[in-house]
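Swiss-Prot annotations:
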- H104, C110, C131, C132: Zn(2+) binding site (BINDING)
- T367, L368, G369, Y370: K(+) binding site (BINDING)
- 637-655: compositional bias 'Polar residues' (COMPBIAS)
- 6-21: region 'Interaction with KCNIP1 and KCNIP2' (REGION)
- 70-78: region 'Interaction with KCNIP1' (REGION)
- 470-487: region 'Interaction with KCNIP1 and KCNIP2' (REGION)
- 472-487: region 'Mediates dendritic targeting' (REGION)
- 367-372: motif 'Selectivity filter' (MOTIF)
- 1-182: topological domain 'Cytoplasmic' (TOPO_DOM)
- 247-253: topological domain 'Cytoplasmic' (TOPO_DOM)
- 307-318: topological domain 'Cytoplasmic' (TOPO_DOM)
- 401-655: topological domain 'Cytoplasmic' (TOPO_DOM)
- 183-204: transmembrane segment (TRANSMEM)
- 224-246: transmembrane segment (TRANSMEM)
- 254-277: transmembrane segment (TRANSMEM)
- 284-306: transmembrane segment (TRANSMEM)
- 319-343: transmembrane segment (TRANSMEM)
- 378-400: transmembrane segment (TRANSMEM)
Amino acid sequence: MAAGVAAWLPFARAAAIGWMPVANCPMPLAPADKNKRQDELIVLNVSGRRFQTWRTTLERYPDTLLGSTEKEFFFNEDTKEYFFDRDPEVFRCVLNFYRTGKLHYPRYECISAYDDELAFYGILPEIIGDCCYEEYKDRKRENAERLMDDNDSENNQESMPSLSFRQTMWRAFENPHTSTLALVFYYVTGFFIAVSVITNVVETVPCGTVPGSKELPCGERYSVAFFCLDTACVMIFTVEYLLRLFAAPSRYRFIRSVMSIIDVVAIMPYYIGLVMTNNEDVSGAFVTLRVFRVFRIFKFSRHSQGLRILGYTLKSCASELGFLLFSLTMAIIIFATVMFYAEKGSSASKFTSIPASFWYTIVTMTTLGYGDMVPKTIAGKIFGSICSLSGVLVIALPVPVIVSNFSRIYHQNQRADKRRAQKKARLARIRVAKTGSSNAYLHSKRNGLLNEALELTGTPEEEQMGKTTSLIESQHHHLLHCLEKTTGLSYLVDDPLLSVRTSTIKNHEFIDEQMFEQNCMESSMQNYPSTRSPSLSSHSGLTTTCCSRRSKKTTHLPNSNLPATRLRSMQELSTLHIQGSEQPSLTTSRSSLNLKADDGLRPNCKTSQITTAIISIPTPPALTPEGESRPPPASPGPNTNIPSITSNVVKVSAL
């Protein structure tokens, strides 16, 4: 048995690893290559970003641009690809829609730009996935509300020259700040609204007793004065209503509006009182009708942005308010019924009927608790507690929604006002720029350039130059003046804070640069003045005249206190060799290009020079590696020489 196992075991192992086939029949053929052909792979170039996909992927939606034959208009024969000059970031979402069948909205994209891209590719926004559709609709609604006022203002401003008299009047009523007359009428109507409301309140106040009569209110005691005030207010309100009705774009819509109804209700009691007789039967109805005069206070909504925002909030929260009213109605009916049957057995109970129990339920659910109706039984007290707790929950749930809507609308109005103010300021600046001449613009430009230069330098010489010459000419001359000094001479500046070495070259080559840096460090200075030393461009000895260009000439500045040996050593450390440079004329310089005719200089622009400036900035001894080994500096005195310190070398090349 063991011998038989040993005989076939190697063959089984060999077959397992593929050395010997186990089956005698041949293996079936491999499946045919079902991959897509190479010509079905298309390239979509969107603003330089290349996307590759299969043609059948795009043909899934033939009603769109990429799925129809219209995309052939965008085919480039040279590159063999479809080119679209569109946003590549949004196209990524579009291409994923063709691949997966689900359209998503990226939150970082502008909603208007996203809609434009979808409209270009022929994709409906309604097919956005459920995961992104709510976010898309919210962003779209917020954007529409934010831009509504801006579009209205733009349309009004664009059509201002062609406005008729009625349109101008309506625009003045809706936006009083368009003209002075509209603003005056706006404040006059606001004043009379306040007077009317105060009159309606004060006329009910008792004004004392008259001998032989009972106490009378002020409205009856001073009836003539109050009648005149009421007449004046009603006349103003009537004129305003008639003018608004005349100027309204749609009179039918204006009459149906809420503010129009408030205006009619506010002035109607006065005219009804004029035509009514002194009949006692109708006097009660007239008194009831006078109550509607209090609606004049709602006319303040035209003069208060906060009241308008509150009205918009209540209008936008109509569904939440309807839910609140429905919930309260259900709870009131349920708890009023329960309280009636719970207190029915008590003899001193005030819950005589279910409608009578409504009052207790409303007061309890709104957490007022007047105490005029109180349950006496144990069951009534328990149900009263449950009624109070349920009222808190029912009322508190819709309140955050209302508050959030109010905050949203308020901030939108704030941003709209800010945008209108910014746009008004921009239009004013553009108007000034258009009305101003080109010379005025150039003059302001020159002033701006000179102010920037004076802020950087702040030297008296430049200020004097700006006063005597043209601003741009002065700056250009100053630039060429500095360039001439740099290209014409090789300076060794003994400034304690700044050392500059320049040389003029045409054909140059660099030599031992490390040796130059080492020697330049050894030749730095250590005396630090209390004030900032002037630069080459602002030195008194250099700004008044233009120096001639000489090759490899060294000038020692007045504030130098280096010994002659050190000056000689720094002269020998030039990193640039001049090969075959011509000596320019001593009377010609680049700065003479902008000099006046009386300077007597002729321009010479035949040669071009390359300038290399080596700027050495000294560093304190404590910051240098060998600062610790050097002796401390002696106290300064009249005959004391301060040793030099190590410096950092910065090379600057300029044309």
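Backbone N, Cα and C atoms are what each Cβ position is placed from, and that goes for glycine too.
Here the structure is a predicted model, which means the values were calculated and not measured.
Comparing C131 (Zn(2+) binding site) with L368 (K(+) binding site), their Cα atoms are 44 Å apart once rounded. Each residue contributes its Cα atom, and for L368 (K(+) binding site) and C132 (Zn(2+) binding site) these two points are 44 Å apart.
Listed by sequence, the residues of this chain that lie at least six past the ends of the region 'Interaction with KCNIP1' (70-78) yet keep a Cβ under 8 A from its Cβ atoms are 45, 58, 84. According to DSSP, the region 'Interaction with KCNIP1' (70-78) comprises 5 helix, 2 strand, 2 coil. Listed in chain order, the extra residues whose Cβ falls within 8 Å of the Cβ center of the K(+) site residues T367, L368, G369, Y370 are V363, T364, T366, G371. The C-beta environment of H104 (Zn(2+) binding site), restricted to residues of the same chain at least 6 apart in sequence and closer than 8 Å, consists of C93, N96, F97, I128, G129, C131, C132. The separation of C110 (Zn(2+) binding site) from G369 (K(+) binding site), Cα to Cα, is 52 Å. Same-chain neighbours of the topological domain 'Cytoplasmic' (307-318): 300-301, 398, 401-402, 405-406, 409-410, 413, counting only residues six or more beyond its ends whose CB sits under 8 Å from a CB of the stretch.
Rounded to a whole number, the C-alpha distance linking Y370 (K(+) binding site) with C110 (Zn(2+) binding site) is 54 angstrom. Once Cβ contacts within 10 Å are tallied over all protein chains shown, the binding-site residues C110, C132, T367 are led by C132. With a cut-off of 8 Å between Cβ atoms, the residues of this chain six or more beyond the topological domain 'Cytoplasmic' (247-253) that come close are 166-167, 169-170, 173.
Note: the Cα of C110 (Zn(2+) binding site) and the Cα of T367 (K(+) binding site) are spaced 47 Å from each other. There are 10 other Cβ atoms within 10 Å of the Cβ belonging to L368 (K(+) binding site). Here the Cβ of Y370 (K(+) binding site) has 10 other Cβ atoms within 10 Å, regardless of which shown protein chain they belong to.
Per-residue pLDDT, averaged over the motif 'Selectivity filter' (367-372), rounds to 83. Shown for the motif 'Selectivity filter' (367-372): DSSP residue counts in helix, strand and coil, namely 0 helix, 0 strand, 6 coil.
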